[in-house]
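Enquirer: Attaching a single structure in structure tokens format; questions to follow.
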Amino acid sequence: MELGVVGLGRMGRIVVDRVLEAGHDVVAFDVDPDAVEDAAAAGATPAESLDEFAESLGGAGEAKRIWLMVPAGDPVDAALDELEPHLSADDVVVDGGNSHFEDSVRRAEACPARYLDCGTSGGPAGADLGFSLMVGGPADAYDELVPVFDAVATGPAGHDRMGPAGSGHYVKMVHNGVEYALMQAYGEGFELLHEGRYDLDLEAVARTWNNGAVIRSWLLELCEEAFREEGTDLGDVADHVAGGSTGTWTVQEALEREVAVPLIYQALGERFDSRAEAKFSRRLANRLRYGFGRHEVERE
Ligand SMILES: NC(=O)C1=CN([C@@H]2O[C@H](COP(=O)(O)OP(=O)(O)OC[C@H]3O[C@@H](n4cnc5c(N)ncnc54)[C@H](O)[C@@H]3O)[C@@H](O)[C@H]2O)C=CC1
Ligand SMILES: O=C(CO)[C@H](O)[C@H](O)COP(=O)(O)O
């Protein structure tokens, strides 16, 4: 099978390598010419523009199969706008990025090709193992791309069709909400151990938990790695956490559906808080205690 890959960054490059390794052909494009050159060195056919990319796919009347792995939002629309004149109903476009599910539904309706929204989990660290793929969109397009999904995922069990357009990215959005809550839970547990009554080696704790404990997981293996590489105090790692868009979407959706997701909401709030220089609400509480109780105001 032949696959065109647009976006050759941390994730797209893994798609290229795994698809090539499975014996398929890859045509590769990125706005960064160095990324195209690297993919060509790995065995992909390079394209210098999206026009050249689209024209070199689907020779002899064959359908085009395209995997987008670009940042969510405008880059997806920009790539689709340029590809549109080259696409027909037999072709398949997969968006493997973290797009909002409503954008995916809109794009599926507008795209001349069959459109699959594919939530991708595993991250660059999952390059060797393969990803977990949550796919939404038409069943015939999904079935046609099974050889590609087998290659990019951990194997046949690492991908499935979730349902119609949008469902793949919907499931991935909720996955990320769960990711936030799990990170928060591990963070709180290790914080208590760090501040607690015993002088503990947190790498040893994580390693012990990872071997047979109820709470073992890949995130916990990453905790073990973090303590091993940074030290039990986490060295100079700052208490600022970036990101937040997929968690925000999860909470927005939960509010709209009237589903309580307090842990995910709390984890998202903690992430936002981590970025605040000084919390206005805490400063006001400090001053209010003087207001009602004449308690001393602590000043900077
Ligand atoms: N890094 C991660 O852990 C994960 C990322 N994702 C999602 O996968 C997508 C890609 O993520 P990364 O590979 O980490 O990003 P990245 O920033 O490493 O790579 C993005 C690539 O897309 C290229 N690009 C941007 N606009 C383009 C356009 N219009 N046409 C062609 N190429 C373009 C950039 O030059 C860059 O090489 C994002 O939607 C991200 O949210 C999903 C799961 C995990
Ligand atoms: O999808 C992912 C992991 O599953 C990406 O790493 C994503 O960037 C994580 O979300 P955030 O940037 O909000 O932490």
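Cβ from N, Cα, C; glycine included.
Automatic, uncurated: that is what TrEMBL annotation is.
Residues or ranges marked as NAD(+) binding site in TrEMBL: Gly7, Leu8, Gly9, Arg10, Met11, Gly12, Val70, Pro71, Ala72, Asn98. Annotation source TrEMBL lists substrate binding site at Asn98, Ser121, Gly122, Gly123, His175, Asn176, Tyr180, Arg271. The domain '6-phosphogluconate dehydrogenase C-terminal' annotation in TrEMBL covers 168-300. Residues or ranges marked as active site, proton acceptor in TrEMBL: Lys172. The annotation active site, proton donor is assigned in TrEMBL to Glu179.
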Enquirer: If I take the alpha carbons of Gly7 (NAD(+) binding site) and Asn98 (substrate binding site), what is the distance between them in whole Å?
Expert: 13
Enquirer: For the domain '6-phosphogluconate dehydrogenase C-terminal' (168-300), what's the mean pLDDT in this predicted model?
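Expert: In the predicted model, the domain '6-phosphogluconate dehydrogenase C-terminal' (168-300) has a mean pLDDT of 97.
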Enquirer: Tell me, how many other CB atoms lie within 10 A of the CB of the residue listed as 'active site, proton donor', whichever protein chain they belong to?
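Expert: Here the count is 17.
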Enquirer: If one measures from the C-alpha of Gly123 (substrate binding site) to the C-alpha of Glu179 (active site, proton donor), what distance in angstrom results, rounded to a whole number?
Expert: 12
Enquirer: Which binding-site residues of Gly9, Ala72, Asn98, Ser121, Arg271 contact ligand 2 in the sense of C-beta under 6 Å?
Expert: Asn98, Ser121
Enquirer: Report the DSSP secondary-structure composition of the domain '6-phosphogluconate dehydrogenase C-terminal' (168-300) as helix, strand and coil residue counts.
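Expert: DSSP classes over the domain '6-phosphogluconate dehydrogenase C-terminal' (168-300) add up to 89 helix, 0 strand, 44 coil.
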Enquirer: If one measures from the C-alpha of Ser121 (substrate binding site) to the C-alpha of Ala72 (NAD(+) binding site), what distance in angstrom results, rounded to a whole number?
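Expert: Their Cα atoms are separated by 15 Å.
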Enquirer: I'd like to verify something. Among the binding-site residues Ala72, His175, Tyr180, Arg271, which ones have a C-beta closer than 6 angstroms to some atom of ligand 1?
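Expert: Listed by sequence, the hits are Ala72.
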Enquirer: Which Cβ among the binding-site residues (Gly7, Gly122, Gly123) has the fewest C-beta neighbours inside 10 Å?
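Expert: Gly123, out of the binding-site residues Gly7, Gly122, Gly123, has the fewest neighbouring Cβ atoms within 10 Å.
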